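What TrEMBL records for 16-317 is domain 'DUS-like FMN-binding'. TrEMBL lists 18, 19, 20, 74, 144, 172, 230, 231 with the feature FMN binding site. TrEMBL lists 104 with the feature active site, proton donor.
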Ligand SMILES: Cc1cc2nc3c(=O)[nH]c(=O)nc-3n(C[C@H](O)[C@H](O)[C@H](O)COP(=O)(O)O)c2cc1C
């Protein structure tokens with residue numbers, strides 16, 4: 001088995017989940033400052049998009065720096081040949097691993113036969129893994145998926161993936177139908193760990209983890225190699241840093257992060273060449289993360305949600321800092 005970097009991690013390891021419009025370089029650099037996970041992912045990127053428009057159009061999504069290693073590029077597609085081209089590109093770009101998305105419930109992605117639609121098409125799912133492995137060289141291949149499509153299908157779906165000899169399998173403990181509306185079925189994770197054992201695929205559990213203590217408890221209870229954290233980081237950007245207690249974080253610490261994030265965002269998405277630009281509204285999700293939990297935060301946040309540009313948002317928080325220091 002080619003484990004690549006996955007084989008060198010201390011267990012249980014932590015992974016920041018791929019999240020579209022969230023886990024770009026701008027945000028990952030913030031998390032490096034607050035306290036990093038063992039592994040980073042990019043947000044997912046369309047192989048069909050890369051093959052049609054060229055990788056330059058996805059410069060922002062794919063950009064990373066050395067201090068983010070190990071970092072995995074996540075792709076979605078239903079076309080093994082396009083996946084091959086993107087894996088070759090990821091090798092050249094110096095990514096540490098490639099992950100194939102087999103869990104996204106977005107209709108536009110499923111329409112292409114990609115994301116969660118692959119749960120209904122194990123033959124194609126297997127062909128995608130085979131294609132990726134053919135060209136990956138020393139780069140490890142992983143898959144991120146769900147427990148099933150309309151119902152839990154652990155026993156019939158998961159073996160298709162582990163039998164292909166992937167280095168790691170990340171399982172979001174819900175079905176496609178459940179989206180994110182019910183608590184994750186962690187009891188299925190133990191079964192998956194057992195299924196993966198004979199092949200040696202590492203199993204990473206994902207879904208609803210609130211803090212590091214819970215991450216460790218779930219890994220131990222279900223004998224998992226690692227835990228992936230998504231929305232938990234929204235509640236606490238210091239999630240991975242157990243030396244920082246959430247109630248010791250001051251409003252100005254959060255505001256500082258927000259200002260830094262704004263600068264990172266401007267740098268990444270409005271580069272000199274202007275090949276890739278992201279709408280300012282994408283940044284508003286983060287205002288909710290940074291500006292909360294203190295008297296006055298609600299009003300400031302409301303003003304930020306009405307702001308029209310990064311400069312306006314920055315001026316608002318700087319003004320707030322000045323009048324509250
Ligand atoms: C805003 C957002 C964007 C997401 N984008 C992706 C993505 O690009 N690729 C992916 O595999 N999963 C994506 N997910 C799913 C997460 O990776 C994760 O599986 C899910 O949020 C459950 O974990 P959590 O309960 O820790 O958040 C996304 C989730 C959110 C909330």
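Placed from the backbone N, Cα and C atoms, the Cβ positions cover glycine too.
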Task: Diameter of the FMN binding set by C-alpha atoms, the set being 18, 19, 20, 74, 144, 172, 230, 231, in angstrom - done: 18
Task: Same-chain residues at least 6 apart in sequence whose Cβ lies under 8 Å from residue 231 (FMN binding site) - done: none
Open item on the list: Radius 10 Å, atoms counted are CB only; among the recorded positions 19, 20, 104, which position scores highest?
Closed with: 104
Open item on the list: Which secondary structure state does DSSP assign to residue 104 (active site, proton donor), in the simple three-class scheme?
Closed with: coil
Open item on the list: Give me the CA-CA distance between residue 104 (active site, proton donor) and residue 20 (FMN binding site), in Å, as a whole number.
Closed with: 11
Task: Greatest C-beta neighbour count within 10 angstroms, which of the binding-site residues 18, 230 - done: 18
- [ ] Using DSSP reduced to three states, classify residue 20 (FMN binding site) as helix, strand or coil.
- [x] coil
Open item on the list: Using a 10 Å cut-off on CB atoms, tell me which of the binding-site residues 144, 172 is the least crowded.
Closed with: 172
TODO: For the domain 'DUS-like FMN-binding' (16-317), would you mind checking the mean pLDDT of the predicted model?
DONE: 95
TODO: Might you list, by sequence position, any residue in that chain lying six or more from residue 74 (FMN binding site) with a Cβ less than 8 Å away from its Cβ?
DONE: 18, 41, 42, 43, 44, 45, 98, 99, 100, 101, 144
